[in-house]
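Annotated in Swiss-Prot:
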- CYS84: active site, nucleophile (ACT_SITE)
- HIS170: active site, for GATase activity (ACT_SITE)
- GLU172: active site, for GATase activity (ACT_SITE)
- GLY57, PRO58, SER59, GLN88, SER134, LEU135: L-glutamine binding site (BINDING)
- 3-196: domain 'Glutamine amidotransferase type-1' (DOMAIN)
Amino acid sequence: MANILLLDNIDSFTYNLVEQLRNQKNNVLVYRNTVSIDIIFNSLKKLTHPILMLSPGPSLPKHAGCMLDLIKKVKGDIPIVGICLGHQAIVEAYGGIIGYAGEIFHGKASLIRHDGLEMFEGVPQPLPVARYHSLICNKIPEKFVINSYFEKMIMSVRNNCDRVCGFQFHPESILTTHGDQILEKIIHWASLKYITNKKQ
């Protein structure tokens, strides 16, 4: 079980994600991105080994309330998982570049290629995933690796040192055939931040 604080970017997928995480026996707190950073940060500090999760949402990362500033405040100290808009915000907060995909993907299933490591270990290759987005990551930040693609589009990234990862696709969608398994692996991978820190 993990202690997860989910930042809600006011999206219809948020509570699908909450339900999936709670079904996996995780403790989940939800705050909207309109809540002040101080309140959210104080809640994170009260949790044992917290994970910050950033939900999907509309628009651009810079228009998503406190999200970018919150990432910058906790990165390196608290593991972060971003989905769709949350993924884009992680890339931007760490210095990467986000741009338009050239077309809108709304409820589209695509077959992605992945590296078969960490959260993708033991899942099919290629992997069917759900996509709802018009933005993509054009340039990844330093210390991040690309761990999945659709054609030439970046579909996910991870930073093994900070235990920060982002997914352009939706693991919580029924169109992502192994989404529940992937989400469990994501939470396990993020939680290793605290085990690694103890050894240092």
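Note that Cβ sites are derived from N, Cα and C of the backbone, with glycine treated the same way.
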Candidate with the highest Cβ count within 10 Å, taken from the binding-site residues SER59, GLN88:
GLN88
Spatial separation of GLU172 (active site, for GATase activity) from CYS84 (active site, nucleophile) - C-alpha basis, Å:
11
Would you kindly give the Cα-Cα distance separating HIS170 (active site, for GATase activity) and LEU135 (L-glutamine binding site), rounded to the nearest Å?
14
Which residues in the same chain, at least 6 apart in sequence, have a Cβ under 8 Å from the Cβ of GLY57 (L-glutamine binding site)?
ASP8, ASN9, ILE10, ASP11, ASN33, ALA64, CYS84, LEU85, GLY86
Other CB atoms, at most 10 A from the CB of GLU172 (active site, for GATase activity):
24
Tell me whether LEU135 (L-glutamine binding site) sits in a helix, a strand or coil according to DSSP.
strand
If you count CB neighbours within 10 Å, which one among the recorded positions CYS84, LEU135 has the smallest count?
LEU135
How big is the Cα-to-Cα gap, in Å, between GLU172 (active site, for GATase activity) and PRO58 (L-glutamine binding site)?
17
